[in-house]
Every structure is written in C-alpha cells, then in structure tokens.
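Per TrEMBL, the features are:
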type     : residues                                                                           : note
TRANSMEM : 43-65                                                                              : transmembrane segment
TRANSMEM : 77-96                                                                              : transmembrane segment
DOMAIN   : 119-243                                                                            : domain 'P-type ATPase A'
TRANSMEM : 262-286                                                                            : transmembrane segment
TRANSMEM : 292-311                                                                            : transmembrane segment
BINDING  : D355, K356, T357, E466, F508, K532, R561, T641, G642, D643, R723, K729, N752, D753 : ATP binding site
BINDING  : D355, T357, D749, D753                                                             : Mg(2+) binding site
DOMAIN   : 776-1003                                                                           : domain 'P-type ATPase C-terminal'
TRANSMEM : 810-830                                                                            : transmembrane segment
TRANSMEM : 836-858                                                                            : transmembrane segment
TRANSMEM : 888-908                                                                            : transmembrane segment
TRANSMEM : 914-935                                                                            : transmembrane segment
TRANSMEM : 942-962                                                                            : transmembrane segment
TRANSMEM : 968-994                                                                            : transmembrane segment
Amino acid sequence: MCCEWLRCCGGGEARPRTVWLGHPEKRDQRYPRNVINNQKYNFFTFLPGVLFNQFKYFFNLYFLLLACSQFVPEMRLGALYTYWVPLGFVLAVTVIREAVEEIRCYVRDKEVNSQVYSRLTARGTVKVKSSNIQVGDLIIVEKNQRVPADMIFLRTSEKNGSCFLRTDQLDGETDWKLRLPVACTQRLPTAAPCGVNVCPFGLFQEDSDPPISESLSIENTLWAGTVVASGTVVGVVLYTGRELRSVMNTSNPRSKIGLFDLEVNCLTKILFGALVVVSLVMVALQHFAGRWYLQIIRFLLLFSNIIPISLRVNLDMGKIVYSWVIRRDSKIPGTVVRSSTIPEQLGRISYLLTDKTGTLTQNEMVFKRLHLGTVAYGLDSMDEVQSHIFSIYTQQSQDPPAQKGPTLTTKVRRTMSSRVHEAVKAIALCHNVTPVYESNGVTDQAEAEKQYEDSCRVYQASSPDEVALVQWTESVGLTLVGRDQSSMQLRTPGDQILNFTILQIFPFTYESKRMGIIVRDESTGEITFYMKGADVVMAGIVQYNDWLEEECGNMAREGLRVLVVAKKSLAEEQYQDFEARYVQAKLSVHDRSLKVATVIESLEMEMELLCLTGVEDQLQADVRPTLETLRNAGIKVWMLTGDKLETATCTAKNAHLVTRNQDIHVFRLVTNRGEAHLELNAFRRKHDCALVISGDSLEVCLKYYEYEFMELACQCPAVVCCRCAPTQKAQIVRLLQERTGKLTCAVGDGGNDVSMIQESDCGVGVEGKEGKQASLAADFSITQFKHLGRLLMVHGRNSYKRSAALSQFVIHRSLCISTMQAVFSSVFYFASVPLYQGFLIIGYSTIYTMFPVFSLVLDKDVKSEVAMLYPELYKDLLKGRPLSYKTFLIWVLISIYQGSTIMYGALLLFESEFVHIVAISFTSLILTELLMVALTIQTWHWLMTVAELLSLACYIASLVFLHEFIDVYFIATLSFLWKVSVITLVSCLPLYVLKYLRRRFSPPSYSKLTS
C-alpha cells in the first residue's frame, strides 16, 4: 500500500508525497529527522554565537578594542590586568548564563526525543526512539501516549472503530477530537505491513485485486503533539521533524533584547561621544603638539572610565536577582523565569494579548439554565426538572403498552411534564458524545460496559459544551449509557433502557452553526429529526414565536453560551424520500457541499422549538479583578482566540474585558476591498467601544487598509479577534509593535499560542492541564492567569525601577572618577598621566563600592500590597521616566559637581607631597559614593547596611597593602581626617538638602501613598 499526500513544505507550493507503508527504504527523497529542537545554538555555534551577540553591542566592542590596545607599548597606561580582568569577568558571566539556559533546553528536548514507541515490521514489533522514526514507518501508539509525528490513522483497537485525541498540547483546548481510521485497513484481520497511494487532499490505495482506493480527510489524521485518549492506534508516518504541522505553524524563536538594554546602549553611545570630545579638547589645549594622534588615543584610554565596564555586569547580575525573587514569591507559586534577560520589560507593558480557552477560562462547562419560553429552570430548581422526568416515566410504566408515546395527531395542549421531558430527551439525543467505560479497580472494563456501570463511565466528545449537556441530562434522570456508529441507548429513572437507531448525523460546522440528528425510537418506530444551534440561524428554522430573541439576549448578557433546541417528527415515507435525495447529493462530483446543504435545508423548516440551554464556560479564578487591575494600570487588553464569534463575545462580557457601560462593535464579515472600506467607515463613527472581529475580516482589512485599521483598533479600550490562526496572532503582535512602538505581552497556554508568545516583547505561558508547550516557549511561565497582575504590578515595576537606579548610579560612579582625572590633567598641563593606578582603579569599581551600589537591586519605593492596590503607579512607568535623558543629565551634572569638588578640594588642601592628593581625593571619593548610595535608597534592607559597612571596612583594611599609592602614616593624622570630612561634606550636603526640599514641596506619587 502507499499514501499520496499534498502539503506545502517549507513555504513552497503543495507537493504530493507517496509513502510506502512499512517500507521507509522505498522513499524517493530524503526527509528531515524526527527531532524536536528548541535550542538557539549547537555545540559548534555556541561560543561564536554568544560572543557575536555580546560584541554586536557597541558597548562591549569598545571595551574589547580598549583591552587589545594595551598590547601596543606606546598606548599602555598601566598593568594589562586593569583592562582584561573586568572584560573577562563580564564575558564569563554572560557565557555561563547562556550555557545554563542552553543545557536546560537540551535536557527538555532530549526527554521528548528519547520517548520509546513500537514500530510494526514484517518480523513483528521493535522498539524505536521518537528521534529515529522515519517517513513510512508503521507506529503503534498506546493510550495516553504522545503521537510522535504527523500520521495517517490506519487502525484502532476500539470496538466502535474510532478513537479520541487530546489536542491540549496543540491548541490549549481540553475537549477531545474524534478520529476515524482508513476503512480498508480497519477491516483487515490483523495489523500487518502491506503493499499504500495520498491525491489533492489525500488518497489511499491498496494493491489488491481489484485495487482499492479511498479518499482521506482531516478525520484520518493524527497530528504530532496530540495524545491518544482511547484505545491503541496504528498509523503510518507522513511527516517528521521540521515538516511537522505544529513546527511549520510556529515561527523561529528570536533572541529578545529588552527595550531597557537598548536605552542603556543609547546612553553609552552618548558617553562615548563625550569621551571623544573631552580627549580632543585636551589635545587641542596642548595645541596638537608632537605626535598628537597618539596623545588622542592615550586620552581616550585615560578617560575610558567615562563608559563603565561594570555597567553590563551589574545589570546582568541584577536580572539574575530579579528572576530569583520572582521564583521565590510565595504569592505566585510555580512561576518560572525562562528568559532572565528581560525582567524589566514586565514593568512597561502597554498591550496585553491573551488567548481565551484555558487562559481566561478553565474550559470546563457548567449547565446553568433551561428555558422553555413560559418557564425557566436555573441551578436551584433542577430538582423540579428531575421530578417532571420521574413522573413521566413512572406514569408510562403504569400505562398499558398501547398508550406509549403521543401520536402525531395529538393536538391536545401538553402538560408541563411532557414539555420538559421532550426538551430533556432532545438534549440527551442530539449530540456527538460517546460514553466510554474504564475499569475502576473493582469492576473491569468489559463488565462495566455490559452493566452500564455509572462509576466507570466517562463521556468523550469534541466539544466540552456537549459533555456538559449530556452530564446534565444524566443528573435529571435521563442517562446516555451506550453509543456506537449506528445506535444510542438511554436509561430512564426506572432503569429501563431506551434504544434509538441513528439514521443520519449532520455535524456542527463553523458555516452552518448547527448540528442535527435523525433517530428512530426502537420501541415505537417513530422517526424524529432533532436539531440544536446558535440563535442567529435557528430563529429562521423554528416556527414563529415571540420569546426566542429576547430570552437569547438575556442569557447572552449573563455570559451564557446559548443553544436553541428544536425537533420535527417525520413519517416513514417522508424520511425515505429525504434519504434518497441525500445519498444522490453526496455522490455528485460538482458542488457537492452545496447540493448536500440544500437537501438538508429542505427538512429544516417549521421545526418545533423545544427549549433554550445556557452553558457557562467557567472563568479562571480572579480573572475579572486581574483584568480590571491591568486596565487601571493603563494596559490595553486584546483577546485573540480560535473560538466562535458568539462564544468569544460572551467570554469578553463575562470576564469584564468589555465593561458593562461599553458598546460592542461587531465587525461584519468582509471579503473584498469595498466591503472593508464601508465597514471601517462605519466603525470610525463609533467612540469608546470595544471591537469584535473575525480572523477572515481581519485578513482582508490588513491586506488593503493596514494603517487605517490598526490606527482605529489601537484607540479601542478592548479588542476581541475570533477565529484567529496561530500565524495571525503573531502577525497582530508584530503590527502592534511596528505601529505603536509600545511594548507587548502575549499570554497563552496551548501550542497555537507559541508564535504569538515568541513574537511579543514579553511572552507569558500559562502552565496547567492544557500541557506545557506554551509555557516552555515563553519567557515567563505562570500557573494561573491571576498571577499576571502581581508579576507586572510588583515584579515588573520593581525590576524596571531598580535597574534604572542601578544603571544611572554606575554611570555616576564612573563619571565622578573621570571628572577628577580631567581636573587633574588640566592642572598638570594636560598631561596624559593617570591619577589612580593599578589596584586603586580596579578596587574602586569592585570591592570598595560594588556591594553598596549593587544593593540597589533590593530597593523598593512602595510595599507590594500598595503596588497591587494602586495599579495607577504602574501607569507612570509607561512614560519611561525612571530612565530618561532628563534623569541622565541630572546624574551627569551631579557627577561633574562632585568630581570637581573632591579634586579641587584635594588640590587646595594638600600640603607638600603628591601622594597626599591621591590619599585625600580617593578616600573622599569612596565616602561620597557610600553616602550617595544611602541618599538614593528609598527603603532600607538589612543587606544594604551590611554592604555599606563591609565596603568601608574593606577600604580601611586594604590601606595597609596600598603603601605604593597611599602614604599610610599621613592617613593616621588628624589633618587627613578633617580634610577628608570637609571635602565629603561639601560634595554631598547640598544634594541631601535638595532631596529634602523636593520631597517637601514636590513629592512623587508613590510617596503620597506611603506617608
């Protein structure tokens, strides 16, 4: 046998593929290996890749050139280690961090690639690793096992000849999908490799006499990443590795660089400009005498401290601390930081794009309402429904057999009990649910199936709505106990089994928005056509009534998913006529779907309206307050879902994504430029209203009116995009980034959200029962949507503010010493001689000031409870004020003032020896830095106090070893102490006074909340 299949592999046009079952050696081309690979580098590209990513920053490249210049004797200013040790340390920290992340990724991938499966061969079954599976292999997949590659479903061990798949890893939906094996292979006595052809959408050929050909459809496929939920299945592998459907639907992960890092990079370029200017001024003041070009390079090296090499290390170590704090937060347990390079991004999110199913909702349906027009039953009155059902069946069992079931001619007004009974029976029969029996330790599977054992039964269906409806009918007394392809069994409250033959099923489709079933009651021979669907289509199918529209609206406003249930009794000859026309339509070659729909529509007229059902998709815990917090923080929320328009709108209202006083504009379905233009004009006239648009309309709008559409959509308080493909979700994220320039955060839980998560500036995966695919691809992984509020409001805000303070302080520390060097060189006839040499220059930015400066990563302006209570504090950060050109300029001016004060003070107060200048100025500089840290801190932590005292102690202790730079005997004198005290006081006191006056007369918003 062979399979021919058509698919676009690698973005080209669709190419057919012939696969020989069980004979991979017969393939006509090479196919990719079946390996999952989420790593950014491999063994050979790791070091070059990491180093390239580091040196593409202007910042790091500058320091590399600087360090290399020290190998040239004319340019050497001091010991080599003063330049190479800091650079080596910076690179080592980065390489180690990247290596740890790559190793974690490799271990996760290896776990998936090493899963063992059974391969069917002519000699029996052999064990094979997932990574060694090839196109054409016959693979046996057991129950609860992951499907390792894209396959065609050939055979199942299930008696009903079908199997269910769990697709939660792919799309985040917990409902099960029904799959059917290829009929001719399912009929074979045993599963053995045999001699198969897949055409336009797939064709299956068996080399028998005569040859058998069968068409293949989506129902015959098993996609990689799904999990077999029932029975054991055998499939033939069609696609592997990078040609898998799930892999082709996701974009390549990009290395995310935070906006904060880009801003810091920009500031370092400004500092570099300042460095060049200062060096040129110094040489110009020497009147470009002698070998002036060498002097320029010596000055560039001398003032190289203007750009602090420790900035990158401090920020990277700060990110590690933030990640550790997030992981340790007991209020958001289970949170994982997978990308430790962008925690500051969390503090500046303007747009949040979220999935619906499994992210905002639990994907668990609960039956809430049964409406019969004149009476409605809620959760509190379900016992009344139960008593009605009970009374009907006890009455029937007491009646003589001849009276069973009302005849078609009965015109008598039916009692309430029979109306309730008809509605419940319709709900119990009109669905695609299959009851499955599993052993529970006491009863085995076969026995449970025979006895219809309640404790062993689970319902399987492709929609959680349907399961909720069938579970409800069970709770009121009418239980679905058995089903196969052609029959269904219901059990009444009196343990009587009702048998129904399934004559036809018309499955639910997105276009038809309804599903129907024709059944024959075995006891009476009655044929009934039941139908349920969305109110928009059912309104034109049922008989005229005056309550349907109003009640559907009422239930939808409560956030319920509404279905309209109707029935029509058919005479035998009426059904036979329909069946003949239906079979004829199905055999036609041209316009088959249109002809079939026309035949079905001939039945869908004047149906009797039975009831409305209201089902609620349970929201995740605290979704409403979390969305409200985000809205108050100035974050606009967009919901991107693959679900139906009605359901998406329903959830948006229920979750208060759209507030009660906001209008909703539902964007009509548009197919061409003209329609899109008219609809956009209609939307432009609306103000402050939420937008609901489908994926198809969105595609048309983006094709012709991308700029206009994005401009209008960005003004909306909320946007809901339904029927969105995974690639479309990523496209929306990309357009938001390009059009607004603002930061985006994407939240999702299924494989269909991976593209969106990877495309966004900050991807958050919700890890739960929907699998781990999204959380593994995300930068941050949380266990519940409600944790997002704290992650952004507390950790995002703190990370950004701390990094802003830390970066500016490190720049200040370097500018201070550079200003002192500039003053020193100016006084001594513009000589390119370093003021501090050897260990003093390294010790200054490491052991003497590193701990207090780095302790700023523990600082916070308000308590986490206050940050959660007043999300408006987050809104202030969106303007980027903690790190701006204004704050940078203020710190530059402070640095120039303090550096000049210390240097001129030391030059004025020193007595005779040059070594005294070094002692006085360096000690004052260290004390000034420690006092400035104390001035910057807003909330003291015990570690900050320890860091300040430890640094001071380290400096005093090290003076013993620094006799070649500092006169140890001079330090012990009273003269030294008063001079240092005066200089330090003059450099710091004005800033303390200014800070006090600012807090007194123009306090920042957070201080008003803490006072």
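Each residue, glycine too, has its Cβ placed from N, Cα and C.
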Model confidence over the domain 'P-type ATPase C-terminal' (776-1003) (mean pLDDT, whole number): 88
Close approaches to the transmembrane segment (942-962) from elsewhere in its chain (Cβ under 8 angstroms; 6 or more beyond its ends): 839-840, 843, 847-852, 854-855, 858-859, 923, 926, 930, 933-934, 968, 971
Positions whose Cβ lies under 8 angstroms from the transmembrane segment (43-65), at least six residues beyond its ends: 83, 86-87, 90-91, 94-95, 98-99, 102, 255, 264-265, 268-269, 272, 307, 309, 311-312
Binding-site residues compared (T357, F508, G642, R723) - highest count of Cβ atoms within 10 Å: T357
D753 (Mg(2+) binding site) and R561 (ATP binding site), distance between Cα atoms, whole Å: 24
Spatial neighbours of D753 (Mg(2+) binding site) among the binding-site residues D355, T357, F508, R723 [C-alpha, 10 Å]: D355
Integer Cα-Cα distance in angstrom, D355 (ATP binding site) to D749 (Mg(2+) binding site): 8
Paired segments the transmembrane segment (914-935) and the transmembrane segment (810-830) in contact, 3+ CB pairs under 8 A: yes
The transmembrane segment (810-830) touching the transmembrane segment (262-286) per 3+ Cβ pairs under 8 Å rule: yes
Distance [Cα-Cα, Å, rounded] between F508 (ATP binding site) and D749 (Mg(2+) binding site): 25
For the transmembrane segment (292-311), sequence-distant contacts whose Cβ falls under 8 Å of one of its Cβ atoms, 6 or more beyond its ends: 59, 62-63, 66, 69-70, 74-75, 77, 86-87, 90, 264, 268, 271-272, 274-276, 278-280, 282-283, 286, 807, 810-811, 813-815, 817-818, 821-822, 825, 832, 834, 841, 845-846, 850
Ranked first among 77-96, 810-830, 968-994 for CB pairs under 8 angstroms with the transmembrane segment (888-908): 810-830
Residue among the binding-site residues D355, D753 whose Cβ has the most other Cβ atoms within 10 Å: D753
Minimum Cα separation from D749 (Mg(2+) binding site), reported as the residue among binding-site residues T357, G642, R723 that achieves it: T357
